[in-house]
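Presented below is the structure to which this report refers.
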Amino acid sequence: MLTSHIIRVAVEAALAEDAPYGDITCETTIPADETGSAHLTARENGVMSGIDVFAAAFAAQNPAVTVTAAIKDGERFQRGQVLVTVEGPVRDLLTAERIALNFTQRMSGIATMTAAFVDAVNAIYGDDYDGPVTRPRRYERTRIVDTRKTTPGLRPFEKYAVVCGGGHNHRYGLSDAVMMKDNHLAALAARGIDLAGAIRHVREQVGHTTHIEVEVDRLDQIPAVLAGGPDTIMLDNFSLDDTRRGVELIDGKAIVEASGNMSLERVPAVAATGVDVISVGALTHSVRSIDLGLDWN
């Protein structure tokens, strides 16, 4: 969860990294009593994320800076649109500018990419989609979710940005859900524990509210995994035909997640197989920051 405390700690650390002993350029060129204002302006279309972080960067530099937003997180914007206005001492505006932009540009980039994936999936439920569509069992529409492939130290910001873009969060980290991947299963198999037994083994050791997900990379693993009673089965790097068959085999007995090499071009067809969830690492590990700029009045 992205809390005000997490935001404050992160922006203060970023400012300390950027100006540990002050901003010597501003201090030698800008009078201390000079005030001014600037607009955060979109240089391209996108989805907003990080308004509170943007404001916090200036507040951490000088609480006297005022920030007035003309847009909310999760809203779409157009190139040339004024998003936020900042007013205060010019030295402080200039010192905090880059930190504020770095957070907001990256977060808005994640939100924008997420929205593109969500739009690509939602398009299959319209009249213009040419092909058969199987609705997911657990949700009205297939969900786009993130992964743990986030920037170290910035996971709360990046997962929040995914939600701003209309996506959903996968597990936050290693402590809040069980995900049994090939290496975990191999370690259990080395002790003579089969797939179904491995899931039961874990279930006996965790609380009743703990979600258990199991990764499979072959169709023939699915019956044994189902016998163990997982909450979610991840189909890792399956072809479209195998994904469709996997959904049929699971038959609503667990949430079906598709993962691996997801692109904007591929996700509509994957969603049309009837999977409940598509996880996309590219939302955070390959995202491009949105072009936003601070224009001075």
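Using N, Cα and C of the backbone, Cβ positions are placed for all residues, glycine too.
Because TrEMBL annotations are produced automatically, they should be read as predictions rather than curated entries.
Copied from TrEMBL, the annotated features are:
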- ARG98, THR147, ARG148, LYS149, ARG171, LYS181, GLU215, ASP236, SER259, GLY260, ASN261, VAL280, GLY281, ALA282: substrate binding site (BINDING)
- 23-108: domain 'Quinolinate phosphoribosyl transferase N-terminal' (DOMAIN)
- 134-295: domain 'Quinolinate phosphoribosyl transferase C-terminal' (DOMAIN)
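Locations of recorded TrEMBL features on the structure.
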residue	record	DSSP class
ARG98	substrate binding site	helix
ARG148	substrate binding site	coil
ARG171	substrate binding site	coil
GLU215	substrate binding site	strand
SER259	substrate binding site	strand
GLY281	substrate binding site	coil
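Cβ neighbour density within 10 Å is lowest for ASN261 among the binding-site residues SER259, ASN261. Counted within 10 Å of its Cβ, the other Cβ atoms near ARG148 (substrate binding site) come to 16, all protein chains included. Residues within less than 8 Å, Cβ to Cβ, of GLU215 (substrate binding site) and separated from it by at least 6 positions along the same chain comprise MET179, MET180, LYS181, ASP182, ILE233, MET234, ASP236, SER259. Looking at the residues that bind substrate per the record, ARG98, THR147, ARG148, LYS149, ARG171, LYS181, GLU215, ASP236, SER259, GLY260, ASN261, VAL280, GLY281, ALA282, the two CA atoms farthest apart are separated by 41 Å. The 10 Å shell around the Cβ of ARG171 (substrate binding site) contains 16 further Cβ atoms across the protein chains shown.
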